[in-house]
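Below is one structure, written out as structure tokens; the observations come after it.
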């Protein structure tokens, strides 16, 4: 019976429902394998239905509680949930593992999945966990076993690769002193020796884990299992291996459904003469049909765990290695691999599978000469598998690979001279591309945890070297002999840009993959960086394994005191600037009826003031928004537009000033529409283009602004730098003209105050030309604290400077305000209403109609100047 368990994550909870019956029979003549003696010692055995390729035992002594489906063990669906029932002892070792004593308990079964159904999973019934017992689950590309003892509130959990579409043997043992151990296909896969306290694990009155996740969007996964066995003791590793080989028929692969692997014409699982030839052939054929990376990974893992313990010739070892690595390489080319590789556990599991195959090849490699070496290169990796007698090697060290800028060296004295050594080396060509986005908290690198928000990434090839027996190495990094690891860096353009950015600090770690816990974890214990730069690193290590250089880019941060001070300056300065800009706009609006204030220059001042006002108000609001949210993204777009508009109107200010002081380009009316198009139209165009290509770069980092990492910030920086450069050029040209006029006035009239005119003009022009933003360019480095303070102060107070220089201290505005107050005063008097005359700009210049001015300003005293410039033009 291959009962389908229609669950995405199916749970097998063993309940106690004991039927007191015995089944008698006779042993099959073929069942004289010692592994069946291990099976005969079981306390409970359910062979279920006959499965081709899995051997069963018929009990002749009646010592095993044996049953069929719906007798002693049965499957039942309730409300869409498949439940697995058996036995009901309230004080049994099986029901309560804590009562097992020192002998422990063992559970064993064969398991496979059979694809997915299109309909959604029904709602889980209850959704609780069992009070006592264990759980087996397969979900999201990972299998797991959990065991719980309620009396002391302890939980043991271990993860392993799920079975995939082929029969896989899963067995786990538990002892109170040894914890949980999980064996896959007769080999120890993972363990949890210590467990953890879990007092809230389920409810005390719940008997059964209810069968599926509460996820309506997922689809069903058909599962099947066979040969369910319980021993009320923990089997030894030898017993587990013996039973496994007996069940599958002496080293045969696991499934009759495996595509003709090790199958004769009669479909009997027997070993062919060349044990490895069918594996190589099948890998070659299966590679042509690869479609789903997840399924193929499970298939390759089954192959790696089921290789026969037979010797390999050099040619067979070479063919098997090349074929297996080619199959792995083609997985990386599948469309679904990129998404699957985002789970680091999948990538590390693949590396572990490759290590298993290469270790098997090295341990079974035999040759007629003292030194046997099988080496080559594929699209996946360079490899070398060698069996050497160190005393026959004349070199002072063993190096893999022999050529290239990335290699590992072992000193000759580290080898056991009179013992055969097997050496396996792998230099992966592209695996480092999938070793990115590593959270420091998920590693054993203590230094990286100081910057937990900054991810690590592999910046070199992944290189592996294993030697058996292990070389004798110093356990002290200051001693000898030690392993030397030399790796060339392989930075992408983006990584190189981040690493060379002066506002970042780069940390480099000599790291290795630690599989001691059953899962690969990056660590740097026993390794030290001795030298290197941005292109390479050299490490010394006390052990061998998989090595890579990990890099961590950390943005430089100001001290907390500077951060608080700069933040306070920004808040206070922007708030004061907003008030002053409001006052400026109100002043221009009130005086708009006066002819001198109605001209184009003050229209430009008003538009600049409005753009800066809105930008700074939005900036103050953005400080309160959460990055990554929709309001923050909308705010980032608005900030981008209005700050660009502010810069555009600063450019208009510069061009208009240039036209007034240096050249005359035509009437003001003819330039009016161009100025408005430049001030409001160009920024809108830039924002639309930026949104079209980098919409995800708005408000997604640590603030409501453009992303620096994606390069979208250049949609603001490039136009801003252009405006700054142009306006600095205009400021220099205008300053030269003003300086010339001042010098002429001093020569002719001897007026020393004329020299003050240059300084005054520069002070008046700086706020409207935006040249103070140059301090923002100088403040990009975290060390330039003084420029950051200057930038924060000058730009947060831009509105204040505009109000001071272009309202309070502007002679035209003051004169217009005086005239306006007179008009208001005269308007209130009925005596002068009929005789009131229109106001003209002549009054602003201190003259009356028909009369010449009797007082010249410093601008007018130079009769030799090529330009007669009114002071108000500045």
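Cβ coordinates come from backbone N, Cα and C, glycine included.
Per Swiss-Prot, the features are:
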BINDING   563, 795  17beta-hydroxy-5alpha-androstan-3-one binding site
COMPBIAS  861-874  compositional bias 'Basic and acidic residues'
DISULFID  510-539  disulfide bond
DISULFID  527-541  disulfide bond
DISULFID  632-704  disulfide bond
DOMAIN    79-276  domain 'Pentraxin (PTX)'
DOMAIN    371-557  domain 'GAIN-B'
CARBOHYD  90  N-linked glycosylation site
CARBOHYD  185  N-linked glycosylation site
CARBOHYD  282  N-linked glycosylation site
CARBOHYD  302  N-linked glycosylation site
CARBOHYD  319  N-linked glycosylation site
CARBOHYD  394  N-linked glycosylation site
CARBOHYD  476  N-linked glycosylation site
CARBOHYD  501  N-linked glycosylation site
CARBOHYD  533  N-linked glycosylation site
REGION    546-554  region 'Stachel'
TOPO_DOM  26-567  topological domain 'Extracellular'
TOPO_DOM  591-601  topological domain 'Cytoplasmic'
TOPO_DOM  624-632  topological domain 'Extracellular'
TOPO_DOM  656-673  topological domain 'Cytoplasmic'
TOPO_DOM  696-710  topological domain 'Extracellular'
TOPO_DOM  733-757  topological domain 'Cytoplasmic'
TOPO_DOM  811-874  topological domain 'Cytoplasmic'
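Shown here: features listed in Swiss-Prot, placed on the structure.
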| residue | record | contacts (Cβ under 8 Å, 6+ apart) |
| --- | --- | --- |
| 319 | N-linked glycosylation site | 276, 280 |
| 394 | N-linked glycosylation site | none |
| 539 | disulfide bond | 484, 485, 486, 487, 510, 527, 528, 529, 530, 547, 549 |
| 541 | disulfide bond | 482, 483, 485, 510, 512, 526, 527, 528, 547 |
| 563 | 17beta-hydroxy-5alpha-androstan-3-one binding site | 557 |
| 632 | disulfide bond | 622, 625, 626, 699, 704 |
- Message: Just to be sure I understand the packing, how many Cβ atoms besides its own are within 10 Å of the Cβ of residue 282 (N-linked glycosylation site)?
- Response: 20
- residue 795 (17beta-hydroxy-5alpha-androstan-3-one binding site) to residue 302 (N-linked glycosylation site) - Cα separation in whole Å: 65
- Message: These are the disulfide-bonded residues: 510, 704. Which one scores highest on other Cβ atoms within 10 Å?
- Response: 704
- Message: Counting other Cβ atoms within 10 Å of each residue's Cβ, which of the recorded positions 185, 476, 501, 795 comes out lowest?
- Response: 476
- Query: Quick one: what's DSSP say for residue 302 (N-linked glycosylation site), helix, strand or coil?
  - Reply: helix
- In the same chain, which residue numbers or ranges, 6 or more beyond the ends of the topological domain 'Extracellular' (624-632), come under 8 angstroms Cβ to Cβ? 699-704
- Item | Other CB atoms, at most 10 A from the CB of residue 527 (disulfide bond) | 22
- If you count Cβ atoms within 10 Å of each one, which of the glycosylation sites 302, 533 comes out on top? 302
- Item | Candidates 282, 302, 476, 501 (glycosylation sites) - the one closest to residue 533 (N-linked glycosylation site) by CA | 501
- Task: For residue 501 (N-linked glycosylation site) and residue 476 (N-linked glycosylation site), determine the Cα separation and express it in whole Å.
- Result: 36
- Using C-alpha atoms only, work out the spacing between residue 282 (N-linked glycosylation site) and residue 302 (N-linked glycosylation site) and round it to an integer in Å. 13
- Task: Sort the residues of the region 'Stachel' (546-554) into helix, strand and coil with DSSP and give the three counts.
- Result: 0 helix, 9 strand, 0 coil
- Task: Compute the C-alpha separation of residue 302 (N-linked glycosylation site) from residue 476 (N-linked glycosylation site), stating it in Å without decimals.
- Result: 39
- Non-local residues, at least 6 beyond the ends, that sit with Cβ under 8 Å of the topological domain 'Extracellular' (696-710): 494, 498, 622, 625, 627-629, 632-637, 639-640, 690, 716
